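Participant: Per TrEMBL, coiled coil is recorded for 357-391. Residues annotated as domain 'Anoctamin transmembrane' in TrEMBL: 16-358. Sequence annotations record features per position, and here TrEMBL assigns transmembrane segment to 155-177, 205-229.
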């Protein structure tokens, strides 16, 4: 919460030093900065888990350490996708529930405190004799950025729903359920807890539309990286078609994945452990004799190869397949998006024709009014005995 307050204060300071020229520029500048600050603050953990957690830890015997002391955090043995799924579940359930509670609970508590002070000042009988307009005035005024906060909440929810939907497919359903509940809560809040807000006209949603477009593009790229990099989809696919029992047969199935776990684990010599990362036990209590080798998730050569613990050919095949999938996936999705946008225009044809006809009628009325004005001026000049050459019409 303190970080959000600092972000908001920093945004106001940056904005007031800019001194925008018009109110529209004021709103666009403030909206963009506030969205960027909130987006970075709320999505940094998910991006870290999806793309950075466990990527730069090194391997047994050569761990990367922070300040040559602390080992970097690693993913769960089942992979980072389950961590990302749990993070998204917490955000979509707990965070949205808390936001709804605060949005309704804060004005309820404030109005209760206001009613309590009025009872102490005027008594119960005096308070009931207030006219309706005074009762409405005693409600909480709508925040100056109330509508902005509602927009920002929906845009951030749209980002959570789309950017990592490949890791948490339940996000759209949870967002729908939350919005159904929030519609009723907002209706109750506007009718019973807030004063009537002052209405103002707006041409459209402004810069929010551009922000939505940007989130849509980012979500396509992010989901491509989640599927290719975070999940095991590409390594499993490469094993099924290149290294598994069905390699070269052009088919993939359950039987083609036999031996995948063994192929995804590399061999490490226990004696190569660093002094500060040696295991506390040699494993004799499990196998009856000290363990000589252990396995870990990676594609590296065994310790007795020409280049110990170097990347295998399978690692480069998986990397190439991941990059190819990212390029193909995002181009395919963008092509489908543009095709749907072309087939389904923003305005129906009949509405576009009515707008053109309305514009034509307005121009015709303006032309006739100007023509009538000029003819009237011409008659007045003739009546006054004045003549002009090259008059129109």
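Glycine too: its Cβ is placed from the backbone N, Cα and C atoms.
Provide an account of the burial state, proximal residues and distances for the features listed.
Facilitator: Mean pLDDT, taken over the coiled coil (357-391), works out to 81 on the 0 to 100 scale.
A Cβ distance under 8 Å defines the sequence-distant neighbours of the transmembrane segment (155-177), meaning residues of its chain 6+ beyond its ends; these are 35, 38-39, 42-43, 46, 50, 81, 84-85, 88-89, 91-93, 96, 208, 211-212, 215-216, 218-219, 222-223, 226-227, 230-231.
Within the same chain, residues 24, 27-28, 31-32, 35, 50-51, 81, 84, 151, 155, 158-159, 162-167, 322-323, 325-326, 329-330, 333-334, 337 sit at least 6 positions outside the transmembrane segment (205-229) and bring their C-beta atoms closer than 8 Å to a C-beta of that stretch.
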